[in-house]
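K.L.:
Sequence annotations record features per position, and here Swiss-Prot assigns transmembrane segment to 16-36, 94-114, 128-148, 167-187, 205-225, 261-281, 296-316, 331-351 based on sequence analysis.
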Amino acid sequence: MIDAMYATGQGLMGGIWPATVWPVLWVLIKIVAVLAPLMGCVAYLTLWERKAIGFTQVRVGPNRIGPFGLLQPIADALKLLTKEIIIPTAASKGLFILGPIMTIMPALAAWAVIPFGPDVALANVNAGLLFIMAITSLEVYGVIIAGWGSNSKYAFLGAMRASAQMVSYEIAMGFCLVVVLMVSGSLNMTDIVMSQGSGMAASKGLTFLSWNWLPLLPIFVVYFISSLAETNRHPFDVVEGESEIVAGHMVEYSGMSFAMFFLAEYANMILVSVLCVLLFLGGWLSPIDSALFTWIPGWIWLGLKTFVVVTIFLWVRSTFPRFRYDQIMRLGWKIFIPVTLVWLVVVGAWMQTPYNIWK
């Protein structure tokens, strides 16, 4: 489908512009087609979060601006756009401005290799999973730069907490992704999804039982909890612990500079949820191989599964208390990393037996 659209556009534009213009324009069109809906989802995820948490606390949530509060994200965006960006006198101006940029860029760049269907991706590269692991690890630099450049004790302490926490849980997440790589035999995101559509259960129509979440259940749980820590979401949000260090590395930011951190956090939350769906929950594959389910387009299945995972993120925030910082470090280093290493060996040994279900 993407190739057909490209060929059609090339035929229409070929006689108007030089041959080198259309490929560049096509890349820009694909980038906008991915990022524009993403920004809309990020905006309305904030509304859904406030509504969902309001429901758990027997409140209505935002309901003043627009019908049922549907225009609240637009009002929030306008408010942040019109606020002044204040740079502290003692701050390092260059680093202070670079921090939010370095934080949001990896959160957006990782979407380049996320497939929305069998042939629908901004860039369908063979090392897609490796690209995501590499690009998302750069976000910690933005947090450190923001904390250092602010020249504030609270910001610096929050940045140190964030960097230690993100690096710690990246190791466990990396081992989880290595296990998925072993069973799928590919770093290509599309191949990883398609490999989950085969097996004994899938041959009987129960595709959801052949997805990676079932045979790799401990890895799935570790990945999900590590995703909470990696995105600094509750109960791992000691980075911006309101009762201790106000807002962590973001304490000196205002206006759109603060909004960029905000956008990065929610874009990352959607990203790790989509990755969870692609790696463990069958991506765009329907849960049951029957006409009742397969007529629904794959991108809708992907969206529905992602919505469920994101909602679980919000449920965790409204349910569990915040961990102490030492508890977070202990969980990452003494529990998750050993568990993932053990399962790495178990899955490797399992694949060498006659009972290998991933052949």
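The backbone N, Cα and C atoms fix where each Cβ goes, glycine too.
Mind mapping these onto the model and telling me what they sit next to?
P.N.:
Sequence-distant neighbours of the transmembrane segment (94-114) (same chain, 6+ residues past either end, Cβ-Cβ under 8 Å): 34-35, 38, 87-88, 121-125, 128, 131-132, 135-139, 141-143, 145-150, 189, 249, 252-253, 257-258, 260-261, 263-264, 267-268, 271, 274-275, 278.
Sequence-remote contacts of a segment are chain residues at least 6 beyond its ends whose Cβ falls under 8 Å from one of its Cβ atoms, and for the transmembrane segment (205-225) they are 172-173, 176-177, 179-180, 183-184, 196-199, 276, 279-282, 285-290, 309, 312, 336, 339-340, 343, 347, 357-358.
Away from its own ends, the transmembrane segment (261-281) comes close to residues 38-39, 41-42, 45-46, 100, 103-104, 107-108, 110-111, 114-115, 132, 136, 139, 142, 146, 177, 180, 189, 192-193, 211-213, 216, 220, 223-224, 227, 230-233, 249-250, 253, 302, 305-306, 309-310, 313 of its chain (Cβ-Cβ under 8 Å, at least six residues beyond either end).
Outside the transmembrane segment (296-316) by six or more residues, the chain places 45, 48-49, 52-53, 56, 116-118, 120, 224, 228, 233-235, 269-270, 273-274, 276-278, 281-287 with a CB less than 8 A from a CB of the stretch.
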K.L.:
Mind checking which residues reach the transmembrane segment (167-187)? Cβ under 8 Å, same chain, six or more beyond either end.
P.N.:
126-130, 133, 137, 140, 195-196, 212, 215-216, 219, 222-223, 226-227, 229-230, 279-280, 328-329, 332-333, 336-337, 340-341, 343-344, 347-348, 351, 358
